[in-house]
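Engineer: Supplied in structure tokens, the structure appears directly below.
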Amino acid sequence: MQKFLNWLEKVLTPLAKVIGENKYLIAIRDGFLISTPLLIVGSFFLLLANFPIPNWSNMISPILGNNWESLMSVPASASFDVMTILAVVGIAYSLGRQLEIDAIQSAALALVSFFILTPYTTLFTPENSTKVYEVTSLPLKWMGSSGLFLGMIIALVSTRIFAAVIHRGWTIKMPDGVPPTVVKSFEALIPSFVVVTIMFVLNWLVSLTSMGNLQDVIFTFLQTPLLSLGNTLGAMIIAYLFLHFFWFFGINGSSVVGAVFNPVLRALSVENMQAFKDGHEIPNIITGQFQDMFATFGGGGSTLSLIIVMVLFCKSQRVKKLSQLSLVPSIFGINEPIIFGLPIVLNPIILIPFALVPTINIIISYFAMDWGLVPYTNGIQLPWTTPPIISGFLVSGWQASVLQALLIVLGMAIYYPFIKVLDDQYLREEKEAEELEAEEIDFDTFDFDEI
């Protein structure tokens, strides 16, 4: 195992180093850190609002009131539904600092640029009506994870243009004696005008197309390869490879793939549920329950296996603390803290197991059912937060619970060498930081006679 770990580190570490020295990828990595604590806090509120215990809502209502679920969901929505806004600000701020320009102004300009390219309309159906109206509003769909890809690109592009204009000297010069804050404000005026104008022209050009806005153009473009997929094993494998490839680049793969694939899976689930209710032979292996209960444990990438390995075997403080905070949400299917906190986004060391583990889960589960080792899923709709083992028993029987446990352990074995490489890298960084700090406060070499 140690030889394999050494080989893996030899292969992946140089790639990670190259990526880690790229200022744009550093900006994306550091930019996501602004949202990590908020996502962890929001995850716990989301879990409390959707705790998978029968009559959970009725148990809590006498204590917190009838609308307690809606109130409990507000902190979760406030963090998850503005994820892209936080990312845009964080990425632009980080890149601005690296480019040695006003980071706060960079963040503000990136946010304005993002809003310029985001549609200000949503579809609304009034109560007791079937008519759909287009109303002016900020759609939370694009403020959350669905708009993340465009948000990342806009943050990088707007900040780079802003820096280029400043470095060319196209700024308003102020006389000496003017307060620095006023100087910075006027220096940013012409570069900001250039960036906003470019974003306006881009938005105008896209508005001339049938799509109408850049958000829909990108989302439709990403979904196009998925439209021809069916409900076969091969189709599901391809869909999940796409899903995790999107997540690697910070795109909500579940939204992109799910919009195309989930309607098919829901229809197959209904067929199974009807057959189960009527006492007939259950027809379909691949269903919504098959996807939810066997492909991924703890969220996309089946990261519950990863987090367990992090808790048990990793030594760096960064990984251990994050894993301890992420374990409980992951048991209930919430893994945004680990996606953006480790991070998995744009992390080449974790990409291979992140895509491989769910794919292996799908293949093994499919053949376990095809060969009669595990019953087909019965189509019963469970809360999405139902933990593994319990979920398997409820949708397919004890055999499914055993299969889930085996798949989690197998996922741990696959993730182990990759996370150990990353853990060793973080451990070295922490040690170097400690040594640097010790050198800065080393009183043994301090000469008081020089004072």
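Using N, Cα and C of the backbone, Cβ positions are placed for all residues, glycine too.
Keep in mind that this is a model prediction, so the values were computed, not measured.
According to TrEMBL:
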type	residues	note
DOMAIN	8-418	domain 'PTS EIIC type-3'
TRANSMEM	32-53	transmembrane segment
TRANSMEM	73-95	transmembrane segment
TRANSMEM	107-126	transmembrane segment
TRANSMEM	146-167	transmembrane segment
TRANSMEM	188-206	transmembrane segment
TRANSMEM	218-238	transmembrane segment
TRANSMEM	245-265	transmembrane segment
TRANSMEM	293-314	transmembrane segment
TRANSMEM	349-369	transmembrane segment
TRANSMEM	389-418	transmembrane segment
Engineer: Six or more residues beyond either end and a Cβ under 8 Å away: which residues meet both conditions relative to the transmembrane segment (73-95)?
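Structural biologist: Contacts of the transmembrane segment (73-95) (Cβ under 8 Å, skipping residues fewer than 6 from its ends): 23-24, 26-28, 30-35, 38-39, 41-43, 45-46, 49, 103-104, 106-107, 109-111, 114, 140, 142-148, 151-152, 154-156, 158-160, 250, 336.
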Engineer: Can you tell me which of 146-167, 349-369, 389-418 gets the most C-beta pairs within less than 8 Å of the transmembrane segment (107-126)?
Structural biologist: 146-167
Engineer: Should the transmembrane segment (349-369) and the transmembrane segment (389-418) be scored as in contact, given a threshold of at least 3 Cβ pairs under 8 Å and pairs 6 or more apart?
Structural biologist: yes
Engineer: What residues in the same chain, six or more past the boundaries of the transmembrane segment (32-53), come closer than 8 Å to it by Cβ-Cβ distance?
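Structural biologist: For the transmembrane segment (32-53), the nonlocal Cβ contacts are 59, 69, 72-80, 83, 86-87, 89-91, 93, 250, 325-326, 328-329, 332, 334, 336-337, 340-341, 343, 345, 382-387, 390.
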Engineer: Averaged across the domain 'PTS EIIC type-3' (8-418), what pLDDT does the model get? Just tell me the whole number, please.
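Structural biologist: 83, rounded to a whole number.
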Engineer: What else in the chain is close to the transmembrane segment (389-418), if you only count residues 6 or more beyond its ends and a Cβ gap under 8 Å?
Structural biologist: 1, 4-5, 8, 12, 52, 289, 292-294, 297, 302, 304-306, 308-309, 313, 349-350, 352-353, 356-357, 360-361, 364-365, 368, 373-380, 382
